[in-house]
Amino acid sequence: MSQPNATVLPAATVSRLPGYLRVLHEAEDSGVEVISSVALATRAGVHPALLRRDLSQLGSYGTRGVGYDVDTLIREIGRVVGDRLTWPVVIVGVGHLGQALAHHEVLRERGFELAGLVDSSPELIGSTVAGVPIRPPDELAAVVARGRAVIGVITTPAGQAQGVADALVDAGIRRILNFAAQPLEVPATVTVRGVDLTGEMQVLVYHEIHEG
């Protein structure tokens, strides 16, 4: 589900755009029509110069001394990251984390549609979460095809993650979000984003220990 003539941006810039978009949506919800680069950068947690450099790669949408039109910037960033479109997602591993993601309202508001749930637990297969039935692993390809899923989310134990990734790739998935603390080997045409919750918390513990 690619977009024709889409701007090719550095990976670091792309990783920051959702943060800008979140702040802009919050500003829009509060009735803010124009936002300064300093205000937007501060709320997004980046330096204003970095924000201006990122946004300059999308085009010239700011006015010096005034700021950015919120609606325009939402539209332009959304065009790049697919906001306001629908992106079907299949989640493999329907434990506590998988169920929390399935119920996540903000994901739906941003266009991420729950297209399928897969789990190997006999106790879960056949039950529903967020109105979606849980299917066994041997039906993954059918779940992906039926839901036209374009993103696969792995929330299984680490030892199962590579096998799940292989199955997702075989089913045609090229974009994977991996919550398992396990590096994945995938073809060069497949993009994987890893989320190591334990590792991130250990980084926070480091700062607590050394900064007080």
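Easy rule for this one: first residue shown is 1, then count along the chain.
Every residue, even glycine, has its Cβ placed from backbone N, Cα and C.
Remember, predicted model here, so these are calculated numbers, not experimental data.
Under the heading DNA-binding region, TrEMBL lists 19-58. Taking Cβ pairs closer than 8 Å, the DNA-binding region (19-58) reaches residues 7, 9-10, 13, 66-71, 73-74, 76-78, 80-81, 83 in its own chain, all 6 or more past its ends.
Per TrEMBL, domain 'CoA-binding' is recorded for 82-183. Per-residue confidence over the domain 'CoA-binding' (82-183) averages out at a pLDDT of 95.
Gly93 (NAD(+) binding site): 24 other CB atoms within 10 A of its CB, across all protein chains. The NAD(+) binding site feature in TrEMBL is assigned to Gly93, Val94, Gly95, His96, Leu97, Gly98.
Highlighted in sequence order, Ile91, Gln99, Ala100, Leu101, Asp119, Thr155, Thr156 have their Cβ within 8 Å of the centre of the Cβ atoms of Gly93, Val94, Gly95, His96, Leu97, Gly98, the residues recorded for NAD(+), and are not part of that set. With DSSP classes pooled into helix, strand and coil, the tally for the DNA-binding region (19-58) is 28 helix, 2 strand, 10 coil. Close to Leu97 (NAD(+) binding site) in the fold, though at least 6 residues off in sequence, lie Thr155, Phe179, each with a CB less than 8 Å from its CB. The binding-site residues Gly95, Gly98 differ in how many other CB atoms lie within 10 Å of their CB, and the one with the most is Gly98.
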